[in-house]
Amino acid sequence: MDKSRQVIVMCLITHMGLIFFLYPADIIASLSVGQWSAVLFGFICHVSMVAVYTKGLSYCAPRNVIDLFQSAGNAFAFLALLPLAIYFVMMIIITVRAYAEIVTVIFLGNTPLWTIMLLFLAVSTLISSWGVESLFRTAMLVALLFFPFLILVIVLSFQNADWHYLLPLMDRKAASFSYVFHRPYLQSMFAFVGGFLFLGFIPSHVPYQRRKIVWFSFVLLPFFLISVYVPLLTFGENTASKFPFPFIMAVDTVDVSWLMFDRVTMFFMISLLCFVILFLALVKWEMLLLLRRALPAAKAPAVSVLLAVFVFIVCLLVPNWSAVEQMLWWNTYLRLYAAFVIPLVTFALGFSRRRKEAIES
Amino acid sequence: MKMRLARLTLFALIVAGTTALTGCWDIKDINHRALPIVMGVKQTGQSYKVLLLVPDTRDTETSAKIISESGNTINEILDKINKNMENKVDLLHLKVIVFERSVAEKGLGQSIESFMRSRDIPNKTFCAISVGMLEPLFEKLSTASKIGGMEVYDFFEKNAGWSPEVVQTRIWEVFRSMDSYTRDVVIPTIRPGRTTTIESTGAAVIKNGKMVGTIDSEKALLYNLFKGAGTQGKIEVMHHATVKIEADRLTNSSKLHEGQATLSSLLHLKVTVLETVGDPSESEIKREIDDQLSARFQTMLRDAQSKEADFLGLGQLFRDKLSRDDLQAWRSKYYPFMKIHFKVHVIIQDEGLLKSKS
């Protein structure tokens, strides 16, 4: 049975969970005029990498990324996948810590961080330990439950938009792409990467159509633009650049008298947090696949819990928000590796394999 | 068997866990919270004084009490109040913040920034400026109150007592204007009324967080019109007729030629005639409306231009014509010399239940 729908939904909601918090602040920090060019450039990179990655995977059809890399030699596979594994662990740590901080900043002011981090880790470990199919089914359920709220809040968030803030559309900096190699922009790639790598880990008994995935990636583009432009249109660039979470601030300004709830931000936050927990579960599941291949002796549940404990301890050691940002920055090289090198190598390996098979037959 | 035992233990653990994780931490019951509706901020020298109007619910009636404290920063004062109160002060439902005029003249920057930074004050809380001292206003609010001080909120709330001459300004709008190149803001001014609880006296013009002037209620109506807040239901009195505005629509077109900004605004108004003095014709009424509103608009704009305070946000209309660096100089270089053509196009929808001369 074709499971494309589940894969697409998973792909969409893991990205959604990441877009709305840190991404707008990074894009606004990297450009003062013409932010759309930054969003579009990042997005084009994203879609082309998804296309390359899935094409490479389709060449070696029943195998997953790990098999593919191993077919080129065990040492190669180990060296090529080690940075990816480190990236995954860093990603889990950063996401858990950052989102726990976001939750305390935005709505649970009195709750200590460790409880929130524990909750994130416990739930995501539980989901990931049940395997990929239940992960996908959970994604479907979560999407059905929370997507309507999310769309409602996004529509409402335009309430205070002043479209004049869209202008001027362009200046020299935006046209020259000189912002690309600066820290805020590189950090913003956080929202693109990580959400699509799971495509290579999906086992062959969950079939999906690669073309659909690439096409449905375009559904994300409006959300990327909205996350950046709603705060810009509401506050203007000068003020929006002062907020660590511009989109949340913009949603906070929404005033709806017919809704019985005072702050629509809550709906928004809770939907996105569910998405983030799913994202964590997904990354953990990928990590476990890698680990199991490297250490066949490791039994899955034990390793899973140990990993969670390790992440929890590291998260407890992170002292403050600037340390989180620092970690996000350190992770940039690994992120670029995961975003560009892994898809390209997958494509190259898949392509050469396909040719070899063609010659043999 | 072993498996089942493990599962049962896990199940028991999860059930036990859910009781601990009810989504709240250090929970304080609603009965142990004081929920102020109005906050007043005044400044004497370097120190601030904060007044809070807290609804006081007893068995039969609802009244409001005033709590005040002074200190060097607003947060320090709130902390002091908290220390001396039997309840926890929770600002999550704060509806209106009233500044004393002197604070606004010295600059609202610091207070607005601290409100925006704070996690518990919603950024959509209304702002107002008290023309006189704060204490009499709060006294009036608490003695006249039947519903725990909610009058102030109802006064500004669109689906309660709001009328088109009253400006609605929220904290985030003031915060936005403080750094904006092309947009200032006005904050409604209030004072205790003679027979009503509150009286609106127009609005204060705030430029970069500092009060630089005032506009009266009739000009505040024009401000609301430009902002798109609507003027529906507003009654205009002229020499020969009284009309009620049914609908309004504003179209602007902006031109920039050799550094000279020109704006043409056309206001479409749909009105109903309520009352006539003498026997004016339809075209006379139309002309009278145009003359009256245009003249009012021109004087308001001249005044604003001389103060370089762009509270109508007219600079926004020129964003497509100026680069970002030019926009930075908008208030000083372009705005004071801007020309504006303002015309009112009136449609008389009907004349009530009596015919008039055509």
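Cβ atoms here come from the backbone N, Cα and C positions, even for glycine.
What TrEMBL records for A:7-24, A:36-54, A:75-100, A:112-132, A:139-158, A:185-202, A:214-235, A:264-283, A:303-321, A:333-351 is transmembrane segment.
Only pairs six or more apart in sequence are counted, and the transmembrane segment (A:36-54) with the transmembrane segment (A:264-283) gives fewer than three Cβ pairs under 8 Å, not enough to call it a contact. Count of Cβ pairs under 8 Å against the transmembrane segment (A:214-235): among A:75-100, A:139-158, A:185-202, A:303-321, A:333-351, the largest is for A:139-158.
Counted over residue pairs separated by six or more positions, the transmembrane segment (A:139-158) shares at least 3 Cβ pairs under 8 angstroms with the transmembrane segment (A:7-24), which defines the two as touching. In terms of C-beta pairs under 8 Å, the stretch of A:7-24, A:75-100, A:185-202, A:303-321, A:333-351 lying closest in packing to the transmembrane segment (A:264-283) is A:7-24. Touching of the transmembrane segment (A:7-24) and the transmembrane segment (A:333-351) is ruled out by the presence of fewer than three CB pairs under 8 A, sequence neighbours closer than 6 excluded. Within its own chain, the transmembrane segment (A:303-321) has Cβ neighbours under 8 Å at 89, 92-93, 96-97, 100-101, 114, 117-118, 121-122, 124-125, 128-129, 284, 287-288, 291-292, 295, 327, counting only residues six or more beyond its boundaries.
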